[in-house]
Ligand code: NAP
C-alpha cells in the first residue's frame, strides 16, 4: 500500500467501528448492570445463564442463551458469578480455551482465600486468558451513571493482548483503565473494595483521641473548676468556647505530627549512617499517612476560623463588652488604649491569618489534580519549606496568644498547665530539632547519606 492510500484510509470514516459481541455469564445484579452499560456503548451482549427465559430485568437488546452457546458467540466472557460457583465452568473448559475470561468478583473478607479469585479461575481453566477488572465498580453506580468519583478500573492479567482488549472495553464505557500489571496484583485489587479508608484510620483515631482529651481537659479547668471555686456556671462554654480552644490545639499538634516522622527518619539515618536500611514499620506507616494528618489538621483549623468569626455574635461576648463600657461610665473614667495589648492582639491575628493561608495552600497542593501539575521540586518546596513556615507561623500565633498565661499562677488550675502550653510541646520540639538538623555540620552528612553515601558499607543490607 502506498503512502497516499494509507492517508486516504486514515481520513476515511472508520467503517470497522462495529463493536465485538461480549458474553456475560450470570444475569445477577452486576451482570445486568454491566450488560446495560455495554449495550448503551454499542456492544452486542449475549448472556450465558442457567435459565434461558428472558425476564423484564434483562437489558432489552441482549440475548440469553445457555453458557456453552453464549460462550461460542464471543471472544471475551465476563464472569459475573460468585467465586464459590466457578466449578460449573470446568466442563466448559474446551469451549473457553483461548478465550479472554474477565474475573470481576469480590470477596466478603480481606485475603479470604489463599489465592485471588482471578488466579483460582486461571488454575481451573489453564487454557483461557484470565484478566481481572471491574471489581471496584458497583452495579448501582453502573446503572445509575453516578461514576464520577470512581471512574478508575484496575486491570491486571498475564496476557498483554487480552488485557488490552479488556482495557479497550473499559475505555469504550467511558471509564479509565489503570494497568496494575500481572495477575499477581489481583489479590490487592480484590482487597481494595473491602478496605475502609485504609490511610485514614490512624489519623482519624488520633484526632478523635486528641479532641476528646483536650475537650475534657478544658471542661475540667474552664467549667468544673470555675463552678466549684468561683461559683460561676459557664456550662455554655461547651458550645463554642471549648471547641474554639480544642480545634486550634488539635490542628497545631496534627500539623506538627506531619513533620515529626521526617525528623525521626533523619535521626535514624544519621545514627545508622546509611539510607539503605528499612525504617521501622510504625515509621513507614506514619510517613504514608502524613497527607491525611495534614488534611484533618486543616479541617480543625478551618473550624477554628469559623468559631472565631462568630465570636462577636455571642451573647456572652456582648455582655462582657457592655459590662466593661458600663463600669467605665459608672467610674466616669475612660480606659486608655493599652498599646502593648493592641500589638499582641494584632500580632497573633496576623500570624494566625498568614499561618491559615499557608495551611490552605498546603491542602490545595496535596489534591491530586494540583500535585499532578507541579514537578517534584515544586511539590517538595510547598510541602516542606512552606509547610514548615506554616508550622512556625501557627506555633507563633499560639505562643503570642497563650503566652500571657504561662507565667500567671492563676493559669495553673489544679496545678495543671494551660491547654495552650500543652499544645506547644510537640510543635516546639519539632521546630527545635529541625533547626538543629539544618546546621551545616548535621545537614551535610545527612545530605550525603540521602545521596547514597554510607558510613560503614559492609553493615548495609
Ligand atoms: P448475584 O446477583 O448473586 O448474581 C450472581 C449470578 O450468578 C446469578 O444471578 C446467577 O445467574 C449466577 N449463579 C448463581 N449461582 C450459580 C451457580 N451455582 N452456577 C452458575 N451460576 C450461578 O451477584 P452479583 O451482585 O451480580 O455479583 C456477581 C459477581 O460480581 C460477584 O462475584 C461479585 O463479587 C461481583 N461484583 C458485584 C458488584 C455489585 O455491585 N453487585 C460489584 C463488583 C463486583 P443466572 O441465574 O443467570 O445463572
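Cβ coordinates come from backbone N, Cα and C, glycine included.
These features come from TrEMBL:
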- 21-107: domain 'Pyrroline-5-carboxylate reductase catalytic N-terminal' (DOMAIN)
- 204-229: transmembrane segment (TRANSMEM)
- 249-271: transmembrane segment (TRANSMEM)
- 249-394: domain 'Ferric oxidoreductase' (DOMAIN)
- 292-313: transmembrane segment (TRANSMEM)
- 347-365: transmembrane segment (TRANSMEM)
- 386-407: transmembrane segment (TRANSMEM)
- 419-442: transmembrane segment (TRANSMEM)
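The stretch from 292-313, 386-407, 419-442 that makes the most Cβ contacts under 8 Å with the transmembrane segment (204-229) is 419-442. Across the domain 'Pyrroline-5-carboxylate reductase catalytic N-terminal' (21-107), DSSP helix (H, G, I), strand (E, B) and coil residues number 32 helix, 19 strand, 36 coil. The list of residues near the transmembrane segment (292-313) in space but at least 6 beyond its ends in sequence, with Cβ under 8 angstroms from a Cβ of it, reads 199-200, 202-204, 206-207, 240, 243-244, 247-248, 250-252, 254-255, 257-258, 356, 359-360, 362-363, 366, 387, 394.
Same-chain residues lying 6+ beyond the ends of the transmembrane segment (386-407) with a Cβ under 8 Å from its Cβ atoms: 248-249, 251-252, 255-256, 258-259, 294, 301, 344, 347-348, 351-352, 354-356, 358-359, 361-362, 418-421, 423-424, 427-428, 430-431, 434. Listed by sequence, the residues of this chain that lie at least six past the ends of the transmembrane segment (419-442) yet keep a Cβ under 8 A from its Cβ atoms are 214, 217-218, 221, 245-246, 248-249, 252-253, 255-257, 259-260, 263, 266-267, 270, 388, 391-392, 394-395, 398-399, 401-403, 405-406. Note: the domain 'Ferric oxidoreductase' (249-394) comprises 122 helix, 0 strand, 24 coil (DSSP; helix = H, G, I, strand = E, B).
Taken together, the residues in the domain 'Ferric oxidoreductase' (249-394) have a mean pLDDT of 91 on the 0 to 100 scale.
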